[in-house]
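Swiss-Prot annotations:
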BINDING   Arg48, Arg54  NADP(+) binding site
BINDING   Arg125, Ser126, Ser127, Asn238, Ala239, Gly278, Lys293, Pro294, Thr295, Ser296, Ser297, Arg319  FMN binding site
Amino acid sequence: MSGNTFGTLFTVTSFGESHGPAIGCVVDGCPPGLALCEADIQAELDRRKPGTSRHVTQRREPDTVEILSGVFEGKTTGTPIGLLIRNQDQRSKDYGNIADTFRPGHADYAYTQKYGFRDYRGGGRSSARETAVRVAAGAIARKWLHERFGVAIRGWMSALGPIEIPFVSADAIDGNAFFAPNSAIVPELEAYMDKLRKSLDSVGAKITVTATGVPPGWGEPVYDRLDAEIAYAMMGINAVKGVEIGAGFDSVAQKGSEHGDEMTPQGFATNHAGGVLGGISTGQEIVVNMAIKPTSSIAQSRRSINRQGEAIEVATEGRHDPCVGIRATPIAEAMLALVLMDHALRHRAQCGDVLCATPRIPGKIA
């Protein structure tokens, strides 16, 4: 199966299936000398792992990462970094009833049409289980970006189904199961999810992720524009159906006099562009929003077909997230880190010696 490698200079090649013995990845292109240990990666994996609240899948996976190569005496060597996460709580018997059927909204039908065969256990390769290794790889990129440039990446849930979540404080994000930047709204989110779970249904979400401290100049026009690669990365996350950069679709209703971010010696007046102009970073905050569809695995009976093309009714058993968006924040952060890391190295390779006479202005007016 092709399409398993992400990146140009900083690459991640992942492998494994939801119910296989392990998942993992090979990270290539990491500069030597970065202090790195398993604890650096584990901290990010623990934010994403399943079974952490009643509102997510109850599959219990410790998601313990093993560094197999590329690190010696606590520092990266510049050679490929092998990462492995062993699966420990597979329950494949839950999927026996869908071996010959297709779940509505899932990749089952598409995989069968493409390959003529599929691993039906937990979705196999199409499962969001694979995103654990993206988070692991993203932790490496995130650490290098922060230490080298001071880049800070932060994501949060900005809507759960019909409930908009106003941003109040970044300090609240890691203090609740939803990654909500507003502690006061958590009881409402919990009540909504409890009611939803009883109805045997699922719901979508909106995730916002930002990056501050990104220098101006990153991005490779015209086909590898920074915003295009960010959108590509986010659309590669399971269940993501839409991505916005900056004002996004709100740009449709804006006038040019409003949308164009005015510049002053003191900084940019606004950030409708989301930190990218002409496919190149401006030094402003990079702002990304993504729409995540409702979980396709629900216990309600729905119409479908079997492998013979016959009409059937199918209800999905097993342990599933009633809202996959609840655990998507660390994944979105990781993918943004991977894109920025790749473009930092690409910029250094081609334009590392460029000295611009025009002074940099702040990302926003103080």
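Just so you know, glycine gets a Cβ as well, placed from its N, Cα and C.
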Separation of alpha carbons, Arg48 (NADP(+) binding site) and Ser127 (FMN binding site) (Å): 14
Cβ neighbours within the same chain of Lys293 (FMN binding site) - under 8 Å, at least six residues apart: Gly105, Gly204, Ala239, Val240, Lys241
Binding-site residues compared (Ser127, Ser297) - highest count of Cβ atoms within 10 Å: Ser297
Secondary-structure category, per DSSP, in which Ser297 (FMN binding site) falls: coil
Rounded Cα-Cα span from Ser297 (FMN binding site) to Arg48 (NADP(+) binding site), Å: 19
